[in-house]
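Okay, structure first, notes after.
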Amino acid sequence: MNAATSITQAPVADVELKQLNEATAQRESATNNPNDSSSIDERPIHSALSESQRSALLAVASFAAAISPASTTTYYPAITTLARDLDVSITQINLSISVYQIFQGLAPTVAAALSDRYGRRPVYLGCLFINIAANLGLARQENYTSLMVLRCLQSSSSSGTVALGQAVMDDLVTSEERGKYMAYLTLGLVMGPALGPLIGGLLSQYLGWRAIFWFLMILGGFFFVLTFTFFRETNRSIVGDGSVPPPKWNRSLVQILRKDKLVPNRESLQKKRIGVNPLASVQILCNKENFIVCMYGALLFGGYASVISIFATQLEERYGYSQVQVGLCYLPFGVGSILSRWTAGKMIDWNFKREAEKQGLKIVKNRQQDLSQYDIEKARLTISFPMIFATCGFVVAYGWLMQYNTHVASVLVIVFLIANVFTGVLIANSALLNDLNPGNGAALGAAMNLTRCLMGAGGVAAVTPLINKIGIGYTATATAGVWLAVLPALYVVYSKGYTWRKAALRSSAQGRGEGSRVASPSP
């Protein structure tokens, strides 16, 4: 009110008044027509960094995130050796995998909250430092209790990097490119399961299982140096669109040695969050649309994790393979996942643009579109459904091929296909959740990690007893059956999600209107 009064009372030159009216008209046009081409072109760029800089940052985030799954899968080829050396059962070693995944789900909630408050970079460095210490302890431990405790610490430190990767992507990437960049981010998550067993098999067979943890310690040290040297802060409340310099203590070594040429755009800074809220990820899950999409993705992930975890022991028991041979057989998982960048990733971005054209949403490169009036659920899930059906079919085929001890080549082809289509579902699922929760990448990453890892822990713990009871063929069939039985819940999001969001926006707008009337002083 005071600003309006001062503008009215002050003598304003004709030119200034004309400029003010034009600016007001532009703002009203952008508000009333968020998808109008002129209003979109007026929006600020989302990131001042070049495409190569963004790709490099996401590559570092992706490789850092690979530590978490790599710490799980390098372990698989040594399961039998560990059980023998520590004088425990294979079931107890599998329990250590389940406990690892539980902490893998819980710990990122804290890492996400800290990164929202203090920045992505310092939390990355803290997680990597603790991970180095945990692997040092694991390499020197002598009993099962120490193994369990240190695996929990290892899991807590490494898993934070997964949630941070989602946050970095949200800081840097708009919705139209999310499929491509999500594939880059997913690359680290799938390279761990792909290369981990091979590396673990080689190390455990020729140097012993302790060499696995020495390797992980060295890997963590390498990523610590890489992050310290090259990784720049991306938190938009600290650096805005990337052009605002962070505090000196939060600059990469490259930034310290070489001054940025970017012109600081302080208007791009987002409001800084006060305090640390580790429950932010839980609050995201309180939204019914987020909950359904997250839980279905977690259900898929749980089944996929169980497929990966039993693959090593099945190859050893059914085909008599050595640890190195087992590790090599995991490569199709990685190759299939990597290729999803060019299959599923491109399809997801193509379908986003196709739906945008149908719905009248104009796409402008490096401008974040207003998705409140866009049926984003249709754009993302149209691609997901056929890939989910394909994943179910391939998992059933995998189970029965294993059951009848068919030639290993057929099994490897199937696991390649499983990895390719499953990664595509994962990309679409993550892209939709990022679209539904803009500006909450860290908390969202923690929420996805929480649901996926808890479901994965349950799947890994249950799969071996289930196979022992009914066989791997029926176990795989039951897994696909559960996925299909719950699929209608995801279809509800496809058909009703946009309606839910519009209703929530109307309710929120009405609430703000009522609040402003109540808060206004009486004349």
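Every residue gets a Cβ built from N, Cα and C, even glycine.
Given the structure is predicted, the values throughout are model-derived calculations rather than measurements.
Database features, via Swiss-Prot:
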COMPBIAS  21-38  compositional bias 'Polar residues'
CARBOHYD  ASN35  N-linked glycosylation site
CARBOHYD  ASN94  N-linked glycosylation site
CARBOHYD  ASN143  N-linked glycosylation site
CARBOHYD  ASN235  N-linked glycosylation site
CARBOHYD  ASN250  N-linked glycosylation site
REGION    19-42  region 'Disordered'
TRANSMEM  183-203  transmembrane segment
TRANSMEM  211-231  transmembrane segment
TRANSMEM  291-311  transmembrane segment
TRANSMEM  319-339  transmembrane segment
TRANSMEM  381-401  transmembrane segment
TRANSMEM  408-428  transmembrane segment
TRANSMEM  443-463  transmembrane segment
TRANSMEM  470-490  transmembrane segment
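Each residue contributes its Cα atom, and for ASN235 (N-linked glycosylation site) and ASN143 (N-linked glycosylation site) those atoms are 42 Å apart.
Within the set of glycosylation sites (ASN94, ASN143, ASN235, ASN250), the lowest number of other Cβ atoms found within 10 Å of a Cβ is recorded at ASN143.
The stretches the transmembrane segment (408-428) and the transmembrane segment (470-490) are not in mutual contact, being linked by fewer than three Cβ pairs under 8 Å (pairs 6 or more apart in sequence).
Remote same-chain partners of the transmembrane segment (470-490), defined as residues 6 or more beyond its termini with a Cβ less than 8 Å from a stretch Cβ, comprise 292-293, 295-296, 299-300, 303, 306-307, 310, 314, 381, 384-385, 388, 391-393, 395-396, 398-400, 402-404, 463. For the pair ASN250 (N-linked glycosylation site) and ASN143 (N-linked glycosylation site), the C-alpha distance works out to 40 angstrom.
Non-local neighbours of the transmembrane segment (319-339) in the same chain are 73, 76-78, 81, 186-187, 190-191, 193-202, 204-205, 308, 311-312, 405, 408, 412-413, 415-420, 422-423; each lies 6+ residues outside the stretch with a CB under 8 Å from one of its CB atoms. Beyond the ends of the transmembrane segment (291-311), by six or more residues, the same chain brings 73, 76, 94, 97, 101, 193, 197, 284-285, 326, 329-330, 333, 388, 391, 395, 398, 415, 418, 422, 425-426, 429-430, 432-433, 436, 447-448, 451-452, 454-456, 458-460, 462-464, 467, 472, 476, 479-480, 482-483, 486-487, 489-490, 492-493 to within a C-beta distance below 8 angstroms of the stretch. Here the Cα atom of ASN94 (N-linked glycosylation site) is found 15 Å from that of ASN143 (N-linked glycosylation site). In the three-state DSSP scheme, ASN143 (N-linked glycosylation site) is classed as coil. Annotation note: ASN250 (N-linked glycosylation site) sits in a helical segment as assigned by DSSP.
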